[in-house]
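Quick look at what TrEMBL lists:
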type	residues	note
TRANSMEM	B:12-35	transmembrane segment
DOMAIN	B:75-287	domain 'ABC transmembrane type-1'
TRANSMEM	B:78-98	transmembrane segment
TRANSMEM	B:110-133	transmembrane segment
TRANSMEM	B:160-182	transmembrane segment
TRANSMEM	B:217-234	transmembrane segment
TRANSMEM	B:268-288	transmembrane segment
Amino acid sequence: MTAVVDRPATVQSGQTRRHAGTPAVRYRILVTALLAVAAVYFLVPVYWLVVSMTKSSSGLFGSFGFWFADPHPIDNLRAVLTYDHGTYLRWFANSVLYALVGGVVATLLAAAAGYGLAKFSFRGREAVFNVVLAGVLIPGTALALPLYLMFAKVGMSNTYWSVLLPSMVSPFGVYLCRIYATAAVPDGLLEAARIDGASELGIFRRIVLRIMSPALVTVFLFQFVAIWNNFFLPLVMLSDSKLYPITLGLTSWFGYTDRQPVLYQYTVGGAFLSVLPLMVLMVVLQRYWRTGLTEGSVKA
Amino acid sequence: MSRSSRSSRAAIGFLAPFGVLFALFFVAPIGYAVYQSLFTVERSGPLGLGGAHTVFAGLSNYSRALADAQFTASLGRVLLFGVVQVPVMIIGATLLALLLESASARGIRFFRTAFFLPYGVPGVVASILWGFLYVPGISPIVSLAHGAGWQVDFLSSGTVLWSIANIATWQFTGYNMLVLIAQLKSVPGDLYEAATIDGANAWQVVWHIKLPMLRPALVLTTVFTIIGTLQLFSEPLVLKPLTGNINGSYTPNLNAYTEAFQNNNYNLAAAEAVLLALVACVLSFGFLKIVGRREKP
């Protein structure tokens, strides 16, 4: 309030409104109501999923979707996990393998490349960076088809490698890491370590990776989710259902529902299980989604 | 001299592992797709039983793709989809970000988490989920609407495109909102304070300070959304068995997939993949050009 008194010349029409108490309350109610409406929209499908995973196939069709009817959550989940010799667990393990290995390797490669582009000057550096940036803009699905043809040519389609190897490349990660390393890694520290006789690899492993860790968590999360959610690449590459990730497996169940109605129930239960780990990941690691995002968008 | 050679050797060492994989799995596929798109398989003998051999075809796969009414219709469909869905989602994400960052908001953590959760649901699972919410017989939304005397059909020829748009909006609004919030948080708080002290009201702060600050993040999210829109694939593929209004060439990607794996015409599919990448490049670079030009007064 004192500030308002200090600068009477600049205070204009806003002054009267600032003193009234009721509009602020009304404003707060309006904002909260709008946010609540949005929350209903985003949570309704999730709520439906939680209710529906407790139902049998006939319950799915025969009862009101937004309320429980004869709930059997544990039996249903057990049925999902044991159906077809536990194939769901195998798909789950495959998804973890693809997303974890692909995410870790992609993050380390992006960290090294981003650091190299940020802290070493060499001829053609900007050209290299622009090629990587162009890679960010290429639709992943436009690559999947020719990738399949290439892997098929060398006899490597329908293997774990055919999904893993392309997942290890993250141009967006390189972009984020370069911007982060430029801003966060001090040149003086690198110089001091070099004078102390540390090797370049040693400096990277012991100093740079540690300083860059907030950006690395962000890059890893992005890549993990991208691989976990990926559908087109495994669909194109894999024909053996033993290699399927969850996304592909669930879609195959959903596609058979007209012949085997029990698969409705399994698809719903499987969908429920598949979103659990990522939701936990998002809630627990939410603050990391912030770090690095800003650095990424400032220069765009 | 020895310093700089050590330095450039180190740079190569750090860049090489990523560079090799990038060349193999990003650059090479594009080159291979372009190469494949220039050939065609010719079958000889009666009914094509005399054996097949690959011949150079020039640009004929491209002219075939562009002359194919189904393919051009699918391109037009995703463009129409994008013209509506991209602004709706970006504006929605901006609104939610501004509301959450406004002084009047309560329960911020809960709301932010609720809006962001759908990003953790894989596209196909989101499509299966919403598919259940669209299909009469299972969907509680349809049965509620029918109970109220409203005959909704989410899967009719006129509505199914927008039902798909709803799935994409549901999934990615919260993610875009988070990017925008990060940008808002990077603005020093004194700036808002100074403006308020100078008598600016909430709308003026939004219009003259927050929105210009959000600009880079808005450009980034819009470009990624445009690229995502062109790749539309899993939603129509999952919803396809539920309705007769989605065919195998509903989107360019679905069309290329059908061409490759059902008609075994890899060369035509390669041409379509190249065309799709070209359209994505033209649209995203075009968008960046337009906003870049407006930046310089």
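Cβ atoms are placed via backbone N, Cα and C, with glycine included.
Counting same-chain residues at least six beyond the ends of the transmembrane segment (B:268-288), those with a Cβ under 8 angstroms from any Cβ of the stretch are 30, 32-34, 36-37, 40, 61-62, 64-66, 71, 75, 219, 222-223, 226-227, 230-231, 252-253, 255-257, 259-260. For the transmembrane segment (B:110-133), the partner stretch with the most Cβ pairs below 8 Å, chosen from B:12-35, B:78-98, B:160-182, B:217-234, is B:160-182. Long-range contacts of the transmembrane segment (B:217-234) within the same chain, counting only residues at least 6 positions beyond its ends with a Cβ under 8 Å from a Cβ of the stretch, are 78, 81-82, 85-86, 89-90, 93-94, 123-124, 127, 164, 168, 172, 176, 179-180, 182-183, 251-254, 257, 276, 279-280, 283-284, 287-288, 291.
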